[in-house]
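Report on one structure; see the data block that follows.
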Amino acid sequence: MASDILTLDTLSLTKGQAVLLDGVSFALQRGKFHALLGPNGAGKSSLMRVLYRAETDATGTVSLEGKPIKDWHRKAYAAKVGALVQESVSLSGLTLAEVVILGLLPLALSRDEAQARCAEALGLVGLANRATEDATHLSGGEQQRLFFAQLLALDPDIYILDEPHNHLDLHYQYVLLDIVRRRGKTVLASFHDLTLATRFCDHAFLLDHGRLAASGTLAEVLTPERLASVYRIDADFTGGALSIRGAIV
Amino acid sequence: MTRAPYGTTLALGLIALVLAMLAGAFWGTADLPWDDRIAALLRLPHAQPNLELIIWEWRLPRVIMVALVGGALALSGVIMQALLRNPLADPYLLGLSSGASAAATAAIVWMPAAFVASFGLELLAFLGAMLAFVLTLGLAFQPGRGMDKLVLILAGVAISLFFSSVSAFFIHIADPHVTRNALSFLMGSAAGARWADMSPLALALPFGFIATWFCATMLDAVLLGDERATALGVPLPVLRLALLSLAALLTGLSVAGAGIVGFVGLIVPHMARLLVGAPHKRLIPVAVVLGMIVLVVVDLLCRTLLAPEELPLSVLLALFAAPPFVYILRRVRNGF
């Protein structure tokens, strides 16, 4: 039985009138790959932002290894919980290698070790021969691979991946998630592609309107009733594939 | 774009700075034999006392003051461009300089001379810069949508216009004897700088330089975006508050020293970035040295081009800054 590494207890978040998270409680198990599912606006990104500490207004408790998040030193926490976030920026004036090495900020590494990790990570995402290029002109997919490399170089205990497949072609969607899975670390990744989720995830959490609607294996979570009520589609999810039966509700 | 080697760039920059400062000390309206000039600079026994006075009490304080102002404004620009992730951020365009100058003008016109002489001017200029900055940010910030790069600049222009008119009003209603002093604030000039005026900036610039340099890697992380920087453990609100206040302090002290000097904070960081790239450990020293060189040279030109008449700093700076400004503006559309 795997132990819990990160626990969320009645996590709630309100912005003005909008309730983004409403009493969400669950736990991530050490070494497991977890999917965070839900339609647009269900609260996936908000929840992840709480976990990588970009959102500090939430009520409830998040504990890493039994210690509340607010009691962790920010660097020690950042070394253990790494995030791939959705935020578009222009990387003018920084080389690819410099971007990856910035990801090692929470760790106090020697220059040699930082460079070795950087070279390995850039190799994993297929950007090894472009390490000294300026990152300004990367395409969206290349930028996503670069930020994957940043996270792989850090190699935290918990990977928080907010729509990791964004901008990636099919090859890299599978290759990069496969690399993460083979590292054997704890992962929480949000997905819209349920087939992709099935291939990698041991466990799934389904959010709907800021609440945890279901938790379990993907097959347990994605019943036809929930597909209809949460995703508003008339479909079956069997054998890791989604088949649409009737009209879009 | 290939980068220049950092060590060589910085060394060449420092040599150029020393040369520019020597040129600033040697050249002026008085045309004299070189022997005399060198003797005066080195304070040799046979030096002419009047030339020694010109160089040591007029030119050198002025050269050092403009160098400090150039370095301080370049450092402010680097800080603001990084923390606001806006290539157009600059103490002048965001209204800080006008805020500082309105406060300084008010001080000169209304406050007792003793208060003005004992760092009251610097203090008020800093508070004016801070107030203008807060107003600009408040005007540009849209809840839930953050801050658009160009909207921020427009807000800065609006605040700048407001404070310029406040300054103009103070000058208009004031006693003509004091307004001559106050007027130089609006156009930028280090004429009349004395050794005694220098200490606030001479202390603040090295302090600011070291503080910013120690935050260099965190500033690099901010370039990756707020969320990424936070996820990497950067204490973003504290960093922003501390360093943007430092930028306002440096701007306020610069305005107290040499009036409104536009565009140095905007253009110089870009020049430095073109040379050594965006990582702040390299960018900060190169930008500060470049800012010093630029302002020392511009001040020298202002003194000598139409000698014995003097041009205000802002006249030549605006002329030099216009082409790179257009270039940066075009790049903003394609991101930063």
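Note that Cβ sites are derived from N, Cα and C of the backbone, with glycine treated the same way.
Residues or ranges marked as transmembrane segment by TrEMBL: B:7-27 (among others).
Feature annotation from TrEMBL assigns transmembrane segment to B:63-84 (among others).
Annotated transmembrane segment per TrEMBL: B:91-111 (among others), in sequence order.
Here TrEMBL flags B:123-141 (among others) as transmembrane segment. Beyond the ends of the transmembrane segment (B:123-141), by six or more residues, the same chain brings 91, 94-104, 106-107, 111, 147-148, 151-152, 154-156, 158-160, 163, 244-245, 248-249, 251-253, 255-256 to within a C-beta distance below 8 angstroms of the stretch.
What TrEMBL records for B:150-172 (among others) is transmembrane segment.
Sequence-distant neighbours of the transmembrane segment (B:203-224) (same chain, 6+ residues past either end, Cβ-Cβ under 8 Å): 68, 71-72, 75, 78-79, 82-83, 85, 232, 234, 236, 239, 242-243, 246, 249-250, 253, 278-281, 283-285, 288. Here TrEMBL flags B:203-224 (among others) as transmembrane segment.
Among the features that TrEMBL reports, transmembrane segment is placed at B:244-271 (among others). For the transmembrane segment (B:244-271), the residues of the chain that approach it from at least six positions outside its boundaries are 65-66, 68-70, 72-81, 83, 87-93, 96-98, 100-101, 103-104, 121-122, 125-130, 133, 184-190, 193, 197-198, 200-201, 204-205, 208, 211-212, 283, 287, 290-291, 294-295, 312-314, 317-318, 320-321, 324-325, 328, judged by C-beta separation under 8 angstroms.
Here the transmembrane segment (B:283-306) has long-range neighbours at 6, 9-10, 13-14, 16-17, 20-21, 23-24, 27-29, 62-63, 66-75, 77-78, 189-190, 205, 209, 212-213, 216, 261, 264-265, 267-269, 271-273, 275-277, 312-313, 315-317, 320, meaning same-chain residues at least 6 beyond its ends whose C-beta is under 8 angstroms from one of its own. The annotation transmembrane segment is assigned in TrEMBL to B:283-306 (among others).
Cβ atoms under 8 Å from those of the transmembrane segment (B:312-329) belong to residues 66, 87-88, 184, 187-190, 258-264, 266-267, 270-271, 295, 298-299, 301-302, 305 of the same chain, restricted to positions at least 6 beyond its ends. TrEMBL lists B:312-329 (among others) with the feature transmembrane segment.
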Same-chain residues at least 6 beyond the ends of the transmembrane segment (B:7-27) with a Cβ under 8 Å from one of its Cβ atoms are 37, 41, 55, 59-60, 62-64, 66-67, 275-276, 285-286, 289-290, 292-293, 296-297, 299-300, 303-304
Long-range CB partners for the transmembrane segment (B:91-111) (under 8 A, at least six residues beyond its ends), listed in sequence order, are 73, 76-77, 80, 120-121, 124-133, 135-136, 152-153, 155-164, 166-167, 170-171, 173-175, 178-179, 181-182, 185-186, 247-248, 250-252, 254-256, 259-263, 265-266
